[in-house]
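Report on the following structure.
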C-alpha cells in the first residue's frame, strides 16, 4: 500500500488518503478503499510500495495505471520533466490488497511508573554507598564487606534498569501470512534426548506427536530426534508412535484439538459431545484414540521395565553392540511422507551420532550440530526449530506465528531467530522451588527484546539456518547478488574448512547461502541421502573444520545456548521474542531440592565458563557487533552464578555482627536508616509488582525470594567452585542431565506435601546448613544481650542486625524444615539398625528353627519345635526384644496351621533363610498371626485359640 502520510497537491511528497468519494461508500467498502486526490508522485522513496499494489506500470515507459478489477477509475500517469510521475488532478480509488498489510507489529510496553521506581531504587543504592564511604574510617571490616557487597548489588541493579528500559512485544497475523504466501517455507524440527532413564521415552514420544500434529503443511515439516544414548527402547518407542500418529494427526485437525500432547489431552479432557453437536461420533472417536494411546503407553512402559525386551535383529540389529558412550552413527528414517495431504504424517528421522570414549562429544551442542548437518544433507530447510524432549507444542499455530516474524521483516538481519518463552505445565502452586522463571521471561526477555533481541534459551527457538551457519547479515546480503554458478566455483578448500569434507553438505550449504529463494519442498527420496547423513554424524567429521567455533552451536560451555545466541548477536543479527496466546510450548520443571541444585550448578558453571573465556560479552562488544546495552544484558546473566559469593557474604554479616558485637548497619537513630529502610521496602515492592503483573501470587514472590538465597549457598556456589577448579586445570566440566518426569493430573500416589525441601548426601547442602546454624546461635546471643533502649549510645550491633539475622532465618525456613525431617529420618534409621543388632542372635536362632521346621513331617513335630523355640527365646530375649520377636515368629505359627499331616513337597532353599537373616524387616512381614511369649508377668497374652491346642497348653 502507498505511504499514508505527507500532503496532497505536492509533486514529490508521498500520498495520503482523504475523504470525498470514500464518504459515499458503505461501511464495508470503506475498510478496504484508499482515495488519492490531487497531484501525486511516485518517487524512489515510495516506488517499492507501488510494487505489488494494484498500481501497475504499463509497457509504455512512464505510464502507470490501476487494475480495472480493483479500481473505480483508470487514469494515466505521465512522467514530468523532473523524472517524477504525477497525475493531472484526477481521483484514483483502488482496493488495498492483503499483501501490503504487515505480518507482525512491534508494540512498546514501557511504563513510566516502573521507570521512576527503578531509578528511585538506583538512587537509594548510590546514597547507601555514599553513606558507607563517608563513615568507612569509623568502622571495621564488617563495614567494608558490606560496602563491597552493596556495590555489587548496585552494579547488578544498574544493569537490570538498562535491560528493562524499553520492553516490547510482537503481535503476529498468521491469517495474513497464509494470504501472502501460497507456498510456505519448509521447517526442520530438532528434538534432543540423552538418557532413557532420566528422560523417559514416553515423554519424547508425546513431544514428537505434538510436533507432527502442528497446523502446518505436512510436506513442509521434518522431525529429527537425536538420541545420544543410542537406546533401542527410544527407537522402538518412536517406531511404535507412528501407528498412533496416523490416527492422532487427522483427529486433531478434524476436531481442532488445541492440546496436542496425548498424555495431557487425555488427562484433562473428558469426551464432551456438546462441543461437537454436529458430530455424534466424537465421543466414540475420543474413546478409541484414548485406547490407542494407552496401548502405546503400555508397550513403551513394558519395554522400559524389561529394558531389552526386543529381538535386536532387523532394524534393531544396529543397537546390538551399542552402548551410551560407544556406538557408531545411526540414522534411520522411521517415516517418510510421500503424499501431499493435509492430515498426513511428516518426515520422522532417528539420529544417534557416533560416540567413542577417546573423542569429545561436547554434550548437547555436539548433538545439535550433528542434527544441523544431517538435516542439511537430507532436507536442508531454511528454518529450524529445536525443542527439548519434554517441551511439547501447546499452540498448534506456533509455526505460523514464528514465520510471521521470520518473513515479516524487511531485512533478514532483524530476525536471526525467534525465541519462545520456556514455560512449564503441572507446576506446583506458588512455585515453591522458584524454578519456573515466569517473571524472568515476562520482564527481562521483553526488556532485551527492545534492544537487540532476546537471548537463546536452548529450547522453543526457531533458527534461520544462515545464522547458524555462521553468516553475518552482510554476508547474506552479498550472497543474494552472487550467481549460483559462480558460487559453485568458489574455493573448495574454503568450503571444506567451514563445513567439512562432505560434498553433499557443502553443496546444500552453498545452495542455501547463495540462492535468493530456498527450496520450497523436500527431496523426493530421503533414502538416497542416508549414506551421506551417516557420514556427517561421525565423531571425527568436525576435525579441522569451523563446527563448534564459527559454525553451528558453539562449544566450550555447559550453557551452549547462551554462548551460541551471543555469537549470533555479535555478528550483527537481531532476534525476536514470540509470545502468542496460548503459550507455544510447555515443559516439565524439576520438583525436588537436589535436582534443582544440580540444575542451578550446571547453569552457574556454564555461564561462568563464558565470562572467563575469550567469548565473553565485553570482548564481543568491543571486537564484534554486540550492542552496548545488549552486552550489559549478557553480563547480568553471566554474573548470575558469581553473585552467590556477595549474597552469601551478606547473609553471614548479620550473624558475624551479633557474635562480635560490631555493627554493619546504621543505627536506628541515624539518618542513614532513612536510606536503608526505604531501599529494602521499595526493592521488594518492585519485585513483588513483577510477580503480580505476571498473574502470580504474593506467596510465589516469597518462595522465589527465599529460594534465590538458598540456591546462592548451594547450587550456584558450587558452580563457582567448579569453574575455579576447571580454571586451575584440576578438573573438566561434567554435564549433568536434569531428570524429567511426565506430570499429569492423577489422583493416585499424590504427595501430600510436594513443595517440601528435600535433601540428599550431596556436599552442596553443607554451606547452607552452616549458615543456618550460625545465624541461630548468633540470633540467640543477640536477643540475650540486646539492650531494650536501642537509641542509647551503643557502638555495637543493634536492632537492625537482629532484624537482618531474623530475615535470613525466615528465608531459610524451608531449608530448616528439610533439615529437621532429614534428622528425624536419620535418627529412626539409627534406631532400627541398633534394634537389628540387639536381636541379631535371636533372629539367627529363629531362622534356624524355621529351617528345621521346614523339614518336619507332621504337625505334632512342628508343635514340639515351636515349644523348643519359645524356651530358647525366653533365655535370650528381653521384654522389648520379645515383643518385636512376636511378629517374627508369625512365619512359624502360620506354617503350623497350614501344613498338612503329610510332609511338604518342597522346602524353601537356604538362600531364602539367609536373605531373611540379612534383612530382619523382611522376616517381620512373613507371618500372619501373633505368637504369645511368656517372658515376664507384664507381657501381653493374646488369643490362644489361634494356636494348636497342644502347643497352647505347652506354652502356658
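Start at 1 and count along the chain as shown; that gives each residue its number.
Glycine residues also receive a Cβ, built from the backbone N, Cα and C atoms like all the rest.
TrEMBL entries are annotated by machine, without manual review.
Between the listed ranges 764-786, 833-855, 856-878, 879-901, TrEMBL ties the annotation transmembrane segment to 764-786. Among the residue ranges 618-638, 639-659, 912-932, the one that TrEMBL annotates as transmembrane segment is 639-659.
Checked against TrEMBL, the range among 98-115, 116-133, 170-187 recorded as transmembrane segment is 116-133. Residue 199 (UDP-alpha-D-glucose binding site) and residue 364 (Mn(2+) binding site) are 14 Å apart (CA-CA, integer value). Comparing C-alpha positions, residue 388 (Mn(2+) binding site) sits nearest to 199 among the recorded positions 199, 228, 561. Among the listed stretches 639-659, 679-702, 714-731, 764-786, 798-816, the one sharing the most Cβ pairs under 8 Å with the transmembrane segment (116-133) is 679-702.
For the transmembrane segment (679-702), the list of distant contacts is 114, 117-118, 120-121, 124-125, 128, 430-431, 438-439, 442-443: same-chain residues at least six beyond its ends, Cβ to Cβ under 8 Å. Within the same chain, residues 432, 651, 653-655, 657-658, 663-668, 673, 676, 705-706, 709-710, 755-757, 768-769, 771-772, 775-776, 778-779, 782-783, 786, 790 sit at least 6 positions outside the transmembrane segment (798-816) and bring their C-beta atoms closer than 8 Å to a C-beta of that stretch.
Long-range Cβ contacts of residue 228 (active site) within its own chain (separation 6+, distance under 8 Å): 192, 193, 194, 195, 324, 352, 353, 355, 361, 367. Summarising the environment of residue 199 (UDP-alpha-D-glucose binding site), the number of other Cβ atoms within 10 Å of its Cβ, over all protein chains shown, is 24. Separating the Cα atoms of residue 199 (UDP-alpha-D-glucose binding site) and residue 561 (active site) is a whole-number distance of 20 Å. For residue 561 (active site), the number of other Cβ atoms no farther than 10 Å from its own Cβ, over all displayed protein chains, is 23. A 10 Å cutoff on Cβ-Cβ distances gives residue 388 (Mn(2+) binding site) a total of 25 other Cβ atoms nearby, all chains included.
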